[in-house]
Amino acid sequence: MLIEIPNVFSKQEVSHLREQLDARCWIDGNQTSGAMATTRKRNQQLDKDDPVAVALGQQIMDRLLAQPQFVSAALPLQFYPPLFNRYQGGETFGYHIDNAIRSTPDGMIRTDLSATLFLSEPENYQGGELVIQDTYGQQSIKLSAGSLVLYPSSSLHQVTPVLSGERTAAFMWLQSMVRDEGQRRLLFQLDQSIQTLTAQQAAEQELFNLTGIYHNLLRRWSEL
């Protein structure tokens, strides 16, 4: 399941984020690469311990946890703190699958979901599409600044070469309360239907029944 969430941050907020990011010292992006990815990855990143990156990453996590569509789709249990990357001058990241397990200051997490928050407007760079291959085929993603895409970490994906301009983004992984992608998709679809019926002022008893089904499925499938 691939979910696009528009306007997680406003244009003004993105501009403020970029002012802070652009002033920092960027390093070789292979800092977070797995062994096989190092030959495919050419980009720049902020050090994960950079104080500005840490503060902005926390701001992103706080915003996402307050975003109903994100919470409904991801059912987040634990984040790998957001990182920041930059592509320019032909830099790229060839096809790869994200590492299944990552270490955080609080221990290990299983990477169920990956997310990219775009921080450059698409018209400001050529190339740089996030291309994701999943069960529904190949999808090419290039969203407006402040928008986010969420997708299974098991997906084969790449960032195509940035031929001109500059592509800046935040990226992150998270462990979901529900490990299985198919189960997460069903829960998301059910929750979205409940929200739609609530807005349409559907019969209270039917909403009560559907909400009960949702929570009982979540109770059955979640791992905490």
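For all residues, glycine too, the Cβ spot is worked out from N, Cα and C.
So that you can see what the record holds, here are the features copied from Swiss-Prot:
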| type | residues | note |
| --- | --- | --- |
| DOMAIN | 78-176 | domain 'Fe2OG dioxygenase' |
| BINDING | H96, D98, H157 | Fe cation binding site |
| BINDING | R167 | 2-oxoglutarate binding site |
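DSSP classifies H96 (Fe cation binding site) as strand under the three-state reduction. Cβ contacts within 10 Å of D98 (Fe cation binding site), excluding its own Cβ and spanning all protein chains shown: 20. Listed binding-site residues: H96, H157. The one with the lowest count of other Cβ atoms within 10 Å of its Cβ is H96. Across the structure, D98 (Fe cation binding site) and the residue listed as '2-oxoglutarate binding site' place their CA atoms 20 angstrom apart. Averaged across the domain 'Fe2OG dioxygenase' (78-176), pLDDT in this predicted model comes to 96.
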